[in-house]
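TrEMBL has this to say about the protein:
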type: DOMAIN; residues: 7-405; note: domain 'Enolpyruvate transferase'
type: BINDING; residues: Lys22, Asn23; note: phosphoenolpyruvate binding site
type: BINDING; residues: Arg92, Arg121, Pro122, Ile123, Asp124, Leu125, Asp304, Ile326; note: UDP-N-acetyl-alpha-D-glucosamine binding site
type: ACT_SITE; residues: Cys116; note: active site, proton donor
type: MOD_RES; residues: Cys116; note: 2-(S-cysteinyl)pyruvic acid O-phosphothioketal
Amino acid sequence: MEVIKIEGGRPLKGTVRIDSAKNSTVALIPAAILADSSVILEGVPQIVDVEHLGMMIEQLNGKYEIDNDELTIDPTHLINTPLVEGAVNKLRASYYFMGALLGKFKEAVIGMPGGCYLGPRPIDLHLKGFEALGATITQEAGSIHLKAEKLTGAKIYLDFASVGATINIMLAAVKAEGMTVIENAAKEPEIIDLANLLNGMGANIKGAGTGEIRIQGVTELHGTRHAIIPDRIEAGTYITLAAVAGDEVKIDNIIPHHLEALIAKLREMGVDIEVHTDHVIVRGRKEMKAVDFKTSTYPGLATDLQQPLVTLLTQATGVGMVTDTIYSDRFKNCFELNKMGANIKVQGNSAIVQGPSKLSGARVKATDLRAGASLVIAGLIADGVTEIGNTYHIDRGYSNIEDKLNNIGAKVWREDVTE
Ligand code: EPU
């Protein structure tokens with residue numbers, strides 16, 4: 001079994017360059033199959049989720065070529081193959097092939113998506129959206145079959161501003177006949193990035209980034225070139241770790257505006273953050289006071305940063321109450337942090353963190369992607385060596401994590417150990 005080992009206690013200093021957004025990339029790759037010619041994506045992050053989507057493009061007989069961080073997807077000879085096993089079960093975003101294949105071929109057969117377990121993650125809103133556009137849906141032997149004679153634009157109200165449902169409906173609606181209006185749409189920056197790619201391919205989408213997205217269907221989409229936005233969650237993770245382990249760390253190649261809720265919360269705790277146009281400078285390792293926070297949809301505090309922030313709270317003075325309103329069971333990292341000396345109680349969808357606690361190196365497990373990030377941060381500040389198992393979760397979302405950390409003075413390495 002591969003583990004990540006971290007020798008804690010080294011003050012960090014230097015620059016971390018943030019890669020492009022995982023949660024954009026995983027939508028943009030399926031979106032590319034809607035074109036009739038090659039789509040080039042610039043700045044693709046080297047993460048395992050991207051590799052799995054590449055395998056799915058190849059299963060569909062598309063060409064998938066990656067040269068450094070530039071990805072070319074050529075969907076010219078695409079075949080509508082059922083995607084029922086293999087890569088499809090390895091990540092959540094595989095379900096974007098539902099919308100993309102439905103949009104392109106009016107039919108899709110897709111196995112159940114994988115991804116982190118964070119409590120129940122239903123896809124009812126995606127399916128209701130497809131039905132509103134004219135698809136019939138059947139479920140057989142663990143896969144979902146979507147079929148439409150034709151797709152017709154519709155008015156779709158989302159009961160919850162779901163990122164996944166908004167993206168999937170956009171992917172199906174771009175080639176529907178007439179106008180689709182998504183009301184209570186998700187406003188995350190990744191939705192705008194997807195709309196920009198699709199518009200570059202010839203789609204007609206207005207209002208992305210607001211609660212009402214209007215999509216006038218078109219009959220054809222063509223290839224284009226698109227630069228992916230920076231990863232606000234990777235950025236937020238490094239900002240958080242710099243707050244607790246950094247003397248002075250520059251987090252570069254970011255859009256600070258996407259991180260306003262995080263920056264405000266960290267300043268409230270007493271963290272010194274200097275905001276520039278495309279980077280921030282964090283001067284950390286200072287006294288921090290505990291705060292309460294709740295996660296919410298964008299522009300609120302992202303649920304994906306909740307677990308890294310819990311590690312930060314273990315170092316702040318006082319009691320902080322953390323409530324995750326998006327996912328009910330995103331607290332498994334707390335039990336691992338307690339093994340390292342933290343004092344966290346989990347109650348329903350809240351965690352109560354009493355700090356400050358002295359953390360010590362221990363053997364812990366990354367139970368999901370952002371739990372992994374939370375434990376990496378803990379390892380950086382703990383006494384002694386921390387060993388983090390289930391590294392595959394971390395590799396799904398953080399590219400070159402040990403290089404990025406070692407470059408700023410950490411001591412992080414991988415080892416194969418017997419279980
Ligand atoms: N929901 C429903 N029904 C649906 C869809 C969603 O009830 O049909 C509920 C979910 O159960 C959840 C909430 O709505 O409680 C939020 O779900 P949403 O659809 O917004 O999230 P997602 O599309 O499944 C994406 C990211 C997540 C991120 C969330 C929230 C991708 C591939 N995943 O998930 O990223 O936490 O939006 O911002 O884009 C991560 O990167 O670690 C991660 C989990």
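Here the Cβ of each residue, glycine as well, is placed from N, Cα and C on the backbone.
Those TrEMBL annotations? Automatic predictions, nothing curated.
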Most distant Cα pair in Å, residues Arg92, Arg121, Pro122, Ile123, Asp124, Leu125, Asp304, Ile326 binding UDP-N-acetyl-alpha-D-glucosamine: 22
Residue among binding-site residues Asp124, Asp304 with least C-beta crowding, 10 angstrom cut-off: Asp124
CB contacts for Ile123 (UDP-N-acetyl-alpha-D-glucosamine binding site) [other CB atoms within 10 A, all chains]: 19
Which same-chain residues, if any, lie at least 6 apart from Cys116 (active site, proton donor) yet have Cβ under 8 Å of it: Arg92, Asp368, Leu369, Arg370, His393
Fewest other Cβ within 10 angstroms of its own Cβ, chosen from the binding-site residues Lys22, Arg121: Arg121
Conformational class of Arg92 (UDP-N-acetyl-alpha-D-glucosamine binding site) under the three-state DSSP mapping: helix
Euclidean distance between Cα atoms of Lys22 (phosphoenolpyruvate binding site) and Ile326 (UDP-N-acetyl-alpha-D-glucosamine binding site), Å: 19
Whole-number mean of pLDDT values that fall within the domain 'Enolpyruvate transferase' (7-405): 96
Separation of alpha carbons, Asn23 (phosphoenolpyruvate binding site) and Leu125 (UDP-N-acetyl-alpha-D-glucosamine binding site) (Å): 19
Pairwise CA distance, Asn23 (phosphoenolpyruvate binding site) versus Asp304 (UDP-N-acetyl-alpha-D-glucosamine binding site), rounded so that it is a whole Å: 11
Nearest-integer angstrom distance between the alpha carbons (Cα) of Ile123 (UDP-N-acetyl-alpha-D-glucosamine binding site) and Lys22 (phosphoenolpyruvate binding site): 20
Least buried by Cβ count (within 10 Å) of the binding-site residues Asn23, Arg92, Pro122, Ile326: Pro122
